[in-house]
Structures are given as structure tokens and as C-alpha cells.
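Novice: Got a structure here, written out as C-alpha cells. Questions coming.
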Amino acid sequence: MSVTVRVPAKVNVQLAVGAARADGFHDLANVFLAVGLHDEVTVTPADELRVTCEGPDADQVPLDRTNLAARAAGALAERRGIEPAVHIHIAKDIPVAGGMAGGSADGAGALLACNTLWQAGASRAELLAICAELGSDVPFSLVGGAALGTGRGERLTTLEVGGTFHWVFAMAERGLSTPAVFREFDRLAEGLDIPEPVASQELLGALAKGDPDALAAAVSNDLQPAALSLFPELADTLAAGRTAGALAALVSGSGPTTAFLVRDAESAVKVAEALGSSGTCRKVRTASAPAPGATVLSA
Ligand SMILES: C[C@](O)(CO)[C@H](O)COP(=O)(O)OP(=O)(O)OC[C@H]1O[C@@H](n2ccc(N)nc2=O)[C@H](O)[C@@H]1O
Ligand SMILES: Nc1ncnc2c1ncn2[C@@H]1O[C@H](COP(=O)(O)OP(=O)(O)OP(=O)(O)O)[C@@H](O)[C@H]1O
């Protein structure tokens, strides 16, 4: 018997970052939107914990115990006092180290899949608590849709979304390390007064209305200057998308994937074609949002 879970990528439509905390993390006002790019995580009983991965970026995914999917299975098994004797297979379509929470998606997916396979009976609240232990982005991968993340991003409030938003994503030639981008944020912030992060009411209103023009006017990412400082060529990708008619262009989370909000599916194709031939990125994808959170496909 196997269980397969489908789990979405995210884009941060607002990422307000506060000053570094004593524990090294940063308080956030993090408005997550799940987008229709997915990984699929399949778990099958095995003699011992094993991870395999397929997909174009599979060679960049660690297959040892550091894989977030393996850590998720281990965390649930430990709570139940059982061995995590499972083969985890990841069909990966979310870019690796791209700022789209690909590893987090696999963590949430493996957790839900193992809870189903082992009939472990963890409640939604227990699953969310395990997700928060695994990483700041992992709870949102479980929940999907749209949500405001506070604290280090793990404390979620579900948000209303009044329509479908169309996006184009440009994958970069190399990845960016999330801790390195936060470190660069701290370096750039040195000597500045960093305000408490708060969610933008204009942005929440735009999401609720499903209004792409209002959302485009309100999107923001406090990590973008840090990502551009570490990866200056991303400015060319952002400019190419804007020239091609995107309503808004921003770095997705810690980057280096760049995200382009467009008016409709037709415009998405046009902007994707222009970005694809611009020579400023490795690969281009279109996706709509919001997408559901981790979902059991077959058990
Ligand atoms: C940039 C975002 O993707 C936006 O959604 C997230 O904030 C990052 O979430 P994540 O990849 O799940 O990050 P974690 O695994 O929790 O933390 C990795 C590292 O990122 C930094 N980090 C992360 C979240 C946060 N609120 N403050 C931080 O400073 C810390 O250096 C931490 O050691
Ligand atoms: N299942 C996984 N898939 C991809 N990377 C993983 C996984 N588990 C652990 N990693 C490690 O995590 C690093 C970050 O990968 P990931 O794809 O999650 O980045 P990201 O999308 O930028 O994350 P985020 O948006 O949450 O900050 C990788 O370089 C890899 O070493």
C-alpha cells in the first residue's frame, strides 16, 4: 500500500521583515499565496527510511536524513514511538532553493502521507505543530490557499481570496540560500531603525476582492534588496517581465525565483514567452493561485 500527497509551492505577496531576534530568526508579516506548481510525495512501507527523488532538479535534492520529507517522517514516528520504516519518493516540480518553499512542501507532504499510511491519527493541530518544528514555511505548505504568517512565519491566519490570480515564474541559473539572504538583510539594515512588520490592509483587501491591479499596487518583499544584492542579475529578469506587460514583478520570498503577476491566462502566456526569450532566466512557468494545501491523492 502507498499514499501519495500533492503539495503546492508558494509566493509571498507581502514579506515584511522585522529586526533580527535574539534566536537569529526575524519576526515577519508574511502573506503567503499557494500557487499551482506542485511536488508529489509518495510513501510506501519499507525496511528502513529511504528517500528518492525524480524531476529536472532532482540532483540538487539531498537524499539523506537532512531531507525535510525524511525529517517529517522521523518527527511523526518519534512522537508515536515507532520506526519511520518508509520509502519516500518525491516527484519534484517545484524549483530547488528557489524561494518557493519546495523543501517545506515535501516536509508537509511527507507528514500528511505518513499520518495516513501509519493511521497515526495526528490531529490537524498536531500536524501543524510538527510542521512548525520543521521550518517556518512548512505549516503553510500543509494549509495552502492564502494565509498571514506571523512570528517567524509559522503562526497562520487563513485569508479570504475573492478570485483567481495569474502568475509567471522565472527560475534562475543558480539557487540562493535562505539564511544567507536573511544575513544580507541584516547587513543592509545595520544602523537603520527597522519597524515592526505589519500586514498591509490594502493588500489583504486586494486579495479578498480578487483584484489583480490592486494586488499589483500592494505587493512588497523586504528581502528583495538583499536577494538583488547577492544576485544582481535578477534586476534584468524583473525588468524583462515588466517590459513584457506584467502588472507587478518581485522576487519570490528569499529568491532567486522571480514572480510576475499578470491580468489573465492569456497575458501569462505572453509574458512567459517574452521572459523565455529574454536570456535572463533558466526556465519559465505559469501558474494560477490560490492552490489548495497538501492533499491526499491516493491511499
Ligand atoms: C523567506 C521565507 O521563505 C518566506 O516565506 C521564509 O521566511 C523562510 O522559511 P524557511 O525556509 O522554512 O526557513 P527556516 O528553515 O525556518 O529557517 C532557515 C533560516 O532562515 C532564517 N529565517 C527564517 C525565517 C525567519 N522568520 N527568520 C529568519 O531569519 C534563519 O537564518 C533560519 O536559520
Ligand atoms: N525535500 C527537499 N527538497 C528540496 N530541497 C531540500 C529538501 N530537503 C532539504 N532540502 C535542502 O533545502 C535547501 C533549500 O531548498 P528549498 O527548495 O526548500 O528552498 P526554498 O524554496 O528557497 O525554501 P524557502 O522558500 O522555504 O526558503 C536545498 O538546497 C536542500 O539542500
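Glycine residues also receive a Cβ, built from the backbone N, Cα and C atoms like all the rest.
Whatever TrEMBL says is automated annotation, not expert-curated.
Straight out of TrEMBL:
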- K10: active site (ACT_SITE)
- D137: active site (ACT_SITE)
- P95, V96, A97, G98, G99, M100, A101, G102, G103, S104, A105: ATP binding site (BINDING)
- 67-145: domain 'GHMP kinase N-terminal' (DOMAIN)
- 204-277: domain 'GHMP kinase C-terminal' (DOMAIN)
Novice: Using all protein chains in view, find how many other C-beta atoms are within 10 Å of the C-beta of D137 (active site).
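Specialist: Its Cβ has 29 other Cβ atoms within 10 Å.
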Novice: Is any of K10, P95, A105, D137 (recorded positions) within Cβ reach of ligand 2, i.e. under 6 A, and which?
Specialist: D137
Novice: Other than P95, V96, A97, G98, G99, M100, A101, G102, G103, S104, A105, which residues of the chain come within 8 Å of the ATP site, judged by Cβ distance to the Cβ centroid of those residues?
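Specialist: For the ATP site the neighbour list reads A9, I94.
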Novice: For a quick check of packing: other C-beta atoms within 10 Å of the C-beta of A101 (ATP binding site), how many?
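Specialist: Its Cβ has 30 other Cβ atoms within 10 Å.
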Novice: If you measure A105 (ATP binding site) to D137 (active site) at Cα, how many Å is it?
Specialist: 8
Novice: Does anything in the same chain, at least 6 positions from G99 (ATP binding site), have a Cβ under 8 Å from its Cβ, and if so what?
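Specialist: Looking at Cβ-Cβ distances below 8 Å from G99 (ATP binding site), excluding near sequence neighbours, one finds L176, T178, A227, V251, S252, G253, S254, G255, P256, T257.
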Novice: Whole-number answer please: how many Å between the C-alpha atoms of A97 (ATP binding site) and K10 (active site)?
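Specialist: Here the two Cα atoms lie 13 Å apart.
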Novice: Can you tell me how the residues of the domain 'GHMP kinase N-terminal' (67-145) break down into helix, strand and coil by DSSP?
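Specialist: Helix, strand, coil within the domain 'GHMP kinase N-terminal' (67-145): 46 helix, 7 strand, 26 coil.
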Novice: Can you check how the pLDDT averages out over the domain 'GHMP kinase N-terminal' (67-145)?
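Specialist: Value for the domain 'GHMP kinase N-terminal' (67-145), mean pLDDT as a whole number: 97.
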Novice: Which recorded positions out of K10, P95, A97, G103, A105 lie by ligand 1, going by a Cβ under 6 Å?
Specialist: none
